[in-house]
Amino acid sequence: MKILLLCVALLLIWDNGMVLGEQEVSDNELQELSTQGSRYINKEIQNAVQGVKHIKTLIEKTNAERKSLLNSLEEAKKKKEDALEDTRDSEMKLKAFPEVCNETMMALWEECKPCLKHTCMKFYARVCRSGSGLVGQQLEEFLNQSSPFYFWMNGDRIDSLLESDRQQSQVLDAMQDSFARASGIIDTLFQDRFFARELHDPHYFSPIGFPHKRPHFLYPKSRLVRSLMSPSHYGPPSFHNMFQPFFEMIHQAQQAMDVQLHSPAFQFPDVDFLREGEDDRTVCKEIRRNSTGCLKMKGQCEKCQEILSVDCSTNNPAQANLRQELNDSLQVAERLTEQYKELLQSFQSKMLNTSSLLEQLNDQFNWVSQLANLTQGEDKYYLRVSTVTTHSSDSEVPSRVTEVVVKLFDSDPITVVLPEEVSKDNPKFMDTVAEKALQEYRRKSRAE
């Protein structure tokens, strides 16, 4: 009688929807669901590798553009250096002449200095702010030791060009080194026959040991496997051995780029000429270093401008001709330096573009590689379904919610919750389960 009453009570509870967590599938059904889910994961792996091949093409295109741009840089560098050499020659010839118009220039210089100091310190206090007291003392000494003749022949512009040339050479060398390191790794990665294999190849990414008789992508005699596996590796290759090397090489290439992007060469105080809108910061650094930045403000002082306009041709026509020659070569050198800077910015842009593509490559392929890193066992399924449970009425679980617990290779179990409309009978049931499981796995991978 007690047993009968217990059965009646259970039936009543069942009618009221109070039985939770009823397992609905057999072991055979779990295997079939695992097969269906593994096919979805297999397709996503193919998509990831197809994406990698696309990014590979973009990287190769960027690299070809970089090489072409490097040739233009070399030509521009030669022209710029020739112009700088002409400027230095003219400067040395002009310095060899006795200073003329001294009396006129010295009088103007004495009126120029106070204005230049006031203008410079006002700028420094407003823009640069820190250490104005020390900078003021340095500026006073600098102006007292400077010659109006240096001012008259645009010595500050010449020094600025020479400093820019040094900085540009340093930045180019750093970028070249970065590209050489990253490109070597990328070339090694992309030379593998893995990237030459067509995705429609029947050996490509078929699930391991599925019940139907299809050759799987880790088939021991596959050319793909031979290209990735050392001859010293015997026995059937694993998913881990297939993909983990790619992740490691992509990571190495990224590191080669990132190390250079954050290297001292790129953080050098005066490489700001590579960035737009950084002129004020550059002037601040020049003022702090040796006060020459203040000479850039000579256009704001009338008496300083008058020094540049002094005509000494009456006293020494040859010197006047040399000064004109110097100014002409200086203008050419400044124009070529600006052109070189623009090319260098384009070169830097290609470098940053390659770095961005490597990030995409890592994002596209990282989840596959991390799965490979987890996979050490012999399980024939990419995705294995452990349980499928449907919940009825409960305050914490919505009505008729289906919970599916799966594992991607050797990962920790992942629970996927599906609403009532996505039932086990739905043809897309396992595609939805696999998609959500993969999304959750990738989310956790990024968070780690």
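Cβ atoms are placed via backbone N, Cα and C, with glycine included.
If you look up Swiss-Prot, you'll see 1-21 marked as signal peptide.
What Swiss-Prot records for 77-80 (among others) is motif 'Nuclear localization signal'. Within its own chain, the motif 'Nuclear localization signal' (77-80) has Cβ neighbours under 8 Å at 165, 333, 336-337, 339-340, counting only residues six or more beyond its boundaries.
Asn102 (N-linked glycosylation site): 14 other CB atoms within 10 A of its CB, across all protein chains. What Swiss-Prot records for Asn102 (among others) is N-linked glycosylation site, and it gives a curator's inference as the kind of evidence.
A sphere of 10 angstroms centred on the C-beta of Ser132 (phosphoserine) encloses 14 other C-beta atoms. Summarising the annotation, Swiss-Prot assigns phosphoserine to Ser132 (among others) and lists similarity to another entry as the type of evidence.
The feature N-linked glycosylation site is assigned by Swiss-Prot to Asn144 (among others), with a curator's inference given as support. Counting Cβ atoms from all protein chains shown, Asn144 (N-linked glycosylation site) has 8 others lying within 10 Å of its own Cβ.
When other Cβ atoms within 10 Å of the Cβ of Asn290 (N-linked glycosylation site) are tallied across all protein chains shown, the result is 12. The DSSP secondary structure for Asn290 (N-linked glycosylation site) is helix. Feature annotation from Swiss-Prot assigns N-linked glycosylation site to Asn290 (among others).
Summarising the environment of Asn327 (N-linked glycosylation site), the number of other Cβ atoms within 10 Å of its Cβ, over all protein chains shown, is 16. Swiss-Prot lists Asn327 (among others) with the feature N-linked glycosylation site.
According to Swiss-Prot, the N-linked glycosylation site annotation covers Asn353 (among others), on the basis of a curator's inference. The secondary structure of Asn353 (N-linked glycosylation site), as reduced to three states from DSSP, is helical.
Look at Swiss-Prot and you will find Asn373 (among others) tagged as N-linked glycosylation site, backed by a curator's inference.
According to Swiss-Prot, the phosphoserine annotation covers Ser395 (among others).
Under the heading motif 'Nuclear localization signal', Swiss-Prot lists 442-446 (among others). Each residue in the motif 'Nuclear localization signal' (442-446) gets a DSSP state, and the totals come to 5 helix, 0 strand, 0 coil.
With respect to Asn102 (N-linked glycosylation site), the closest of these recorded positions in Cα terms is Asn144, chosen from Ser132, Asn144, Asn290, Asn353. Under 8 Å, Cβ to Cβ, and six or more positions away along its own chain, Asn353 (N-linked glycosylation site) finds Thr62. Rounded to a whole number, the C-alpha distance linking Ser132 (phosphoserine) with Asn290 (N-linked glycosylation site) is 13 angstrom. Between Asn290 (N-linked glycosylation site) and Asn144 (N-linked glycosylation site), the C-alpha separation comes to 13 Å.
On the backbone, the CA of Asn327 (N-linked glycosylation site) and the CA of Asn144 (N-linked glycosylation site) stand 25 Å apart.
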